[in-house]
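Record features, source TrEMBL:
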SIGNAL    1-24  signal peptide
DOMAIN    128-318  domain 'Peptidase M12A'
BINDING   H225, H229, H235  Zn(2+) binding site
ACT_SITE  E226  active site
Amino acid sequence: MNRQPIIPSALTLALILTSCGAPDAGHSATPPADTFTSIHAPADLATQTPTLTVDLRSTPLTALDAATRTRLGTDAVVRVILPNGKALLYANVDGHVVVDGDMILGHSDAAHKIVDGLARSGGTINGQGLSEFAAGRANWGKTIPYYWNTNAFTASQISVLNTAINLWNQQAGDAVKWQWNTTPYNKVQFVNASGQGVCGSSYVGMIGGTQPLTVGCFNTGTVIHEMGHAAGLHHEHQRCDRDSYVTVSGSDSINFGRLCNRYAYGNYDYDSIMNYGAPYAYAKTPGGPYQGTPSNLGRGSQLSTGDLATLRAIYPNSGTTDPTDPTDPVTGVTYTGTLSAGAYATHPSAGFNWYGGTLKATLTGPSGADYDLYLVQKYSDGRWYTVAKSDSPGASETIETNQTAGIYRWVVQSYSGSGSYTLNATK
């Protein structure tokens, strides 16, 4: 199958639910045969003409006028040249900033913050190769809750979704299982994007709250690919070592680039469901150890052996338990502080030990300011990585997220404005 990235257009997807219920009887229905080769490839994102180009080398982000800052989150296709000369092309699709075909970076109303973060990091996009997470540190529990609006899909489309979910659970249910559940705060909403110029899109890993997973090309391979993103898998063709195995299209220096700041597991896997194929990536004579068959690049219809090994590595065993720790946050812990514009504070500064479960914090900042809240986790390399965030415009933010055992801390940042804040953290 030639899995296709998002193609920017004026998309309006049905994200607002009018009703929801249990899955249709499609679980027992015979699904239509996958038609991998019949998916017609629309033009590559890299060939699209940007409707907005911003060069941060000549005009810093802080110097952009209000109209241009707004357009960062409203124009269909945006090209940004970062201060170091790297170029990024992204699409605003249904209120989300999407890069690399189908990976969501955040909400479009926070596009200026996303661009600011990329400018500060020199274009580093979190994630690499196979996974967002270190071994045993995936941020869903043993199940990924999901649902969809049954009125938004046809019976045949629901049959494809059910087939993909059943196949995932048969293959990888011992690592992480998808389970229909509308109740949890953190869950995945499947959204119908058929006819909208998009094959699919998803955040990578759990972001906190309800997160969309769009499907426009209804075959099991595409659905499982996007489920892989939601579970924490990145594109295989963006591994740090990918240049020894594939040739990747794209003129902009960040898009489809090598992402070398996360975790790769095993050798390059040509069979991985997380590969794109032609015209975005082409197999070449392998320059090192690998698994799979080069001619299978981008044509997978299920999780590969390598994909399964990665999921089992990043999701902890269901039988593993961690003892409580006296430094865990308790109900009613309150932190206060004062920030100037652009400053941040951590609470507690050394972090706290967490044995697993739901963490929640509510931030109240000064009127007229834009304060953001992050939950960061300390990984085995000694660095802190964001595992949940709330960065809407304004000074009030809330995070409620289920996390595995580890060391965490809260980060309060002033994007703009200054003044005092209160952070209430609970478990």
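Quick reminder: no glycine exception, Cβ is built from N, Cα and C everywhere.
Since we're looking at a predicted model, the values are computed, not measured.
Taking the mean position of the Cβ atoms of H225, H229, H235 as the Zn(2+) site, the remaining residues of that chain whose Cβ falls within 8 Å of it are D102, M103, S202, V204, E226, G228, L233, H234, I273, M274. Under DSSP, H225 (Zn(2+) binding site) is assigned to a helix (H, G or I) in the three-state scheme. Within 10 Å of the Cβ of H225 (Zn(2+) binding site) there are 30 other Cβ atoms, across all protein chains. Least packed by the Cβ count within 10 Å, out of the binding-site residues H229, H235, is H229. Rounded to the nearest whole angstrom, the C-alpha distance between H235 (Zn(2+) binding site) and E226 (active site) is 10.
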